[in-house]
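Participant: Supplied in structure tokens, the structure appears directly below.
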Amino acid sequence: ETRRQRRLLLAVVCVALLLDNMLYMVIVPIIPDYIAAMRGGGGTAGPSAPAGGNGSGGGNRSLLPARYPPASGGNEDVQIGVLFASKAMLQLLVNPLSGTLIDRVGYEAPLLAGLAVMFLSTATFAFAENYATLFAARSLQGLGSAFADTAGIALIADRYAEEPARSRALGTALACISFGSLAAPPFGGVLYEFAGKRVPFLVLACVCLLDGLLLLVLAPPGGTGARANMPVGTPIHRLMIDPYIAVVAGALATCNIPLAFLEPTIANWMKESMGASEWEVGLTWLPAFFPHVLGVYVTVRLAAAYPHLQWFYGALGMAIIGASSCLVPACRSFEQVIIPLCGICFGIALVDTALLPTLAFLVDVRHVSVYGSVYAIADISYCVAYALGPIVAGQIVHTMGFAQLNLGMGLANVLYAPVLLFLKNVCQMKPSHSERNILLEEGPKGLYDTIKMEERKG
């Protein structure tokens, strides 16, 4: 029963992560036309996307009323960039608080609360009719993600306590994140084109609601006493100054910078440098899903066979990301640019799949086996890249050039790869006074310890 329940909880978490990333990316082909119509385009057909927008032609602009006056002196690219960054910025601010709260109240209640907020955010997107409402919906999504993403990953680390099961479970979650991010633009563009602007968001809202109801059935908040006597987790500020955790967090932020900075800039570069069509721009990232899943699979298998080389898989991934980033500006056709983008996503899969389980292991052996705060730190690392990308990347391209942006990102990844040597001896660390050490060596002493022991036996 315990095994079946944790598999179902893994499915709930994977769906939550899938939804969050689909909502993050589904507006990529929609939002340029959306904002343009709000400015007065209304029911008339206009340009499919402004410069810097990753848009596809929309045939349902008539759904947006023509009563919006044109913006005076506004910069549409800036508006779109701020809108995309608002989710990560709010998530960045809330994560320290959400991680601490998760450590205190458990994983299920914050995950359910995060799904509820994401449902509200998705419904708001569906019925938004002005920029302020779009901005509020995007920011609200960041609030929900700060709880749902962190609690979900921490729940997986807690329920899958031993390797290689933990790496497989986290790898499955990462594959869902990748699928959500890369499949959402075509999903949103097709539904927007043929069914209207509200349909993509309403579909995601319904799935979010069903996922929350399933979680409520599987693990109702307060339904068990397992969290009543749970050890007090290590404060997030202490985890942040742990040198090993800091190295992992830096790697997660650095490896995601190319993806975060290319998403808002590569569409315009492809149109200017190779005359890419709208469908080519829309499908730019979709092929990269397959090498990402391949990278997750390869890393999970290697980690099971050679667990002491987790640091090496991460370093190799950063080297691949660095080399691929440097190759992007040299591409002269749609087919050519697919190759380095696949390399970037393959490298990110290596880094994420190797280092996310390492964070849980570091908490097990150096702190207390409560995972909310440490995965809040991981989420902060991602948010640093995705908060800066939509705002900073365009300015760098404007002042220095697209090639210089890619060379700088590639160099940063290549130079950071040797830093992961610092993690070389992590696998040799022995548990100190962690909750797992108490369970395995001293036997159960209280209600929480007894329940956890029974779960492990199950």
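From the backbone N, Cα and C atoms, a Cβ is placed for every residue, glycine too.
These figures come from a predicted structure and were not determined experimentally.
Sequence annotations record features per position, and here TrEMBL assigns transmembrane segment to 7-31, 109-128, 140-157, 169-187, 199-218, 239-262, 282-304, 311-331, 337-362, 374-397, 403-423. For 9-458, the entry in TrEMBL reads domain 'Major facilitator superfamily (MFS) profile'.
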Participant: Across the domain 'Major facilitator superfamily (MFS) profile' (9-458), what does the mean pLDDT come to, as a whole number?
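Facilitator: Here the predicted model's pLDDT, averaged over the domain 'Major facilitator superfamily (MFS) profile' (9-458), is 79.
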Participant: Considering only the recorded stretches 7-31, 169-187, 239-262, 337-362, state which has the highest number of Cβ pairs under 8 Å to the transmembrane segment (199-218).
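Facilitator: Stretch with the highest Cβ contact count: 7-31.
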Participant: Between 109-128, 140-157, 282-304, 337-362, 374-397, who has the most Cβ pairs under 8 Å to the transmembrane segment (239-262)?
Facilitator: 374-397
Participant: Going through 7-31, 169-187, 337-362 one by one, which has the most CB pairs that fall under 8 Å from the transmembrane segment (374-397)?
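Facilitator: Maximum Cβ contact count belongs to 337-362.
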Participant: Which range wins on Cβ pairs under 8 Å with the transmembrane segment (140-157): 7-31, 109-128, 169-187, 337-362, 403-423?
Facilitator: 109-128
Participant: Take a look at 109-128, 169-187, 337-362, 403-423 and tell me which one has the most Cβ pairs under 8 Å to the transmembrane segment (7-31).
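Facilitator: Counting Cβ pairs under 8 Å, the winner is 169-187.
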